[in-house]
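**Q** Sending over a structure as structure tokens; questions will come in a sec.
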Amino acid sequence: MPLLGLLPRRAWAALLSQLLRPPCASCTGAVRCQSQGEESLQVAEAVLTSQLKAHQEKPNFIIKIPKGTRDLSPQHMVVREKILDLVISCFKRHGAKGMDTPAFELKETLTEKYGEDSGLMYDLKDQGGELLSLRYDLTVPFARYLAMNKVKKMKRYHVGKVWRRESPSIVQGRYREFCQCDFDIAGQFDPMIPDAECLKIMCEILSGLQLGDFLIKVNDRRIVDGMFAACGVPESKFRAICSSIDKLDKMAWKDVRHEMVAKKGLAPEVADRIGDYVQCHGGVSLVEQMFQDPRLSQNKQALEGLEDLKLLFEYLTLFGIAEKISFDLSLARGLDYYTGVIYEAVLLQTPTQAGEEPLNVGSVAAGGRYDGLVGMFDPKGHKVPCVGLSIGVERIFYIVEQRMKTKGEKVRTTETQVFVATPQKNFLQERLKLITELWDAGIKAEMLYKNNPKLLTQLHYCESTGIPLVVIIGEQELKEGIIKIRSVASREEVAIKRENLVAEIQKRLSES
């Protein structure tokens with residue numbers, strides 16, 4: 001019977017079909033002939049043998065996670081939560097409201113919004129008559145939300161997972177499933193004031209995380225398009241060439257030039273003119289210099305972009321962050337929906353300390369202005385100007401984790417403040433009363449789930465998990481109406497009255 005229980009449904013169906021075959025013509029009534037009965041049993045035996053053999057030969061299932069994803073241990077979660085707390089507190093300090101959107105959207109909502117990257121979206125199998133895709137970023141769903149709810153003004157932050165079907169590079173903190181932290185300002189405002197605040201937020205977060213020196217590159221999509229037009233790029237190739245330029249942080253100029261010429265059909269002399277511009281980077285003085293450029297100065301779009309950048313640098317100087325910003329003509333940002341100022345933050349390589357590996361993770365934050373995206377969803381094409389930023393938290397997590405690993409830093413995975421212990425048997429009820437009193441007072445407390453744990457085991461648990469205080473109750477303490485408080489670090493013990501326990505614990509915790 002146990003062996004038969006291993007058979008899958010198809011094997012049982014085959015077996016029953018043989019046993020329940022109708023009798024042959026020479027049989028009468030419901031009585032089977034002996035030959036057919038023997039034949040059926042032989043077939044059944046063969047089916048049983050083959051199915052059991054197949055079951056036994058089935059290769060062992062390999063337990064693993066999908067490519068480009070990761071599990072997060074309690075140690076990882078402590079680090080991530082600290083980083084996210086810092087990021088979100090900054091967003092809230094600047095007046096943002098939290099929101100969320102579905103993990104998947106209608107496929108038509110997301111298509112034609114990401115240019116060449118649209119092929120990296122994860123499409124879901126049709127289950128209910130709707131073609132769906134997992135969200136690629138948090139920006140397009142936000143624009144859809146604004147249009148659908150007719151919201152004209154909003155300052156919001158959003159922390160959530162997104163999915164991209166690209167080649168993962170775990171060593172650079174690149175995954176197929178990853179977390180994004182976005183901040184966006186939607187609404188009609190005076191030029192460059194919201195844009196400057198976004199850059200200020202970037203600086204506050206990157207400074208607060210203490211990742212090392214960083215630089216924020218800025219450009220403007222109108223300057224990029226004006227540069228392309230001035231260099232002779234056909235307008236139909238603007239987005240394709242922009243996508244190539246966007247790879248300059250990962251590829252050498254000669255490789256990007258080859259892609260533009262050999263794969264995208266750009267004339268070599270046009271590519272060379274672009275090459276002259278994309279090597280330019282500097283501060284507000286470069287903005288002034290570009291006003292005098294013989295090609296760019298003749299392009300209306302480029303001049304509009306330069307005017308806004310000049311104003312932007314004025315506000316950045318007032319915010320005290322101008323030295324962290326670089327006007328960089330190689331910055332293109334490949335996403336199709338950007339219309340104005342664009343920016344990207346990179347960590348500057350610092351000399352590695354002994355035992356450290358150089359970290360090459362690319363940009364750690366980016367964003368820009370997208371004034372036309374909401375109008376793409378509005379039936380009447382009504383636009384809501386928007387500007388925002390996204391913090392690359394996965395890459396930041398990777399950097400912090402690697403540095404902690406190099407320094408051998410240990411992470412406490414719980415926040416337990418007090419452990420309730422006893423040195424004697426049959427004190428479970430007293431421990432339960434004691435821990436309830438601590439929980440009700442808002443104190444984070446633990447105890448072992450054993451009736452009669454050994455005191456040494458309890459104290460070792462406190463030392464291994466970093467719990468700072470132990471409260472001990474036994475026969476003598478119960479008899480005298482006292483509780484002992486033990487400092488795990490110093491191993492010093494003091495006795496206090498039972499009724500003063502909560503106040504004494506709170507006092508010690510406030511002083512630590």
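Note that Cβ sites are derived from N, Cα and C of the backbone, with glycine treated the same way.
Below are the features I grabbed from TrEMBL:
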- ASP137, LEU138, THR139, ARG164, GLN180, ASP184, ARG333, TYR337, TYR338: L-histidine binding site (BINDING)
- 68-423: domain 'Aminoacyl-transfer RNA synthetases class-II family profile' (DOMAIN)
**Q** Would you mind listing, in sequence order, the residues at least six apart from GLN180 (L-histidine binding site) in the same chain with a Cβ closer than 8 Å to its Cβ?
**A** ASP137, LEU138, HIS158, VAL159, GLY160, LYS161, VAL162, SER390, ILE391, GLY392, VAL393
**Q** Mind giving me a neighbour count for TYR338 (L-histidine binding site)? Other Cβ atoms within 10 Å of its Cβ, every protein chain shown.
**A** 24
**Q** Just checking a number: largest C-alpha distance across ASP137, LEU138, THR139, ARG164, GLN180, ASP184, ARG333, TYR337, TYR338 for the L-histidine site, rounded to a whole Å.
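**A** The span, Cα to Cα at its widest, is 21 Å.
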**Q** Just how many other Cβ atoms lie inside 10 Å of the Cβ on ARG333 (L-histidine binding site)?
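**A** So the number of other Cβ atoms within 10 Å of ARG333 (L-histidine binding site) is 22.
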**Q** Just to confirm: which same-chain residues, 6+ apart in sequence, have a Cβ under 8 Å from the Cβ of THR139 (L-histidine binding site)?
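**A** THR139 (L-histidine binding site) has long-range Cβ partners ASP182, ASP184, TYR337, TYR370, LEU373, GLY388, SER390.
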**Q** For the domain 'Aminoacyl-transfer RNA synthetases class-II family profile' (68-423), report the average pLDDT of the model, please.
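**A** Computed over the domain 'Aminoacyl-transfer RNA synthetases class-II family profile' (68-423), the mean pLDDT is 91 on the 0 to 100 scale.
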**Q** Provide the number of Cβ atoms within 10 Å of the Cβ of ASP137 (L-histidine binding site), excluding the reference atom itself.
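**A** A count of 20.
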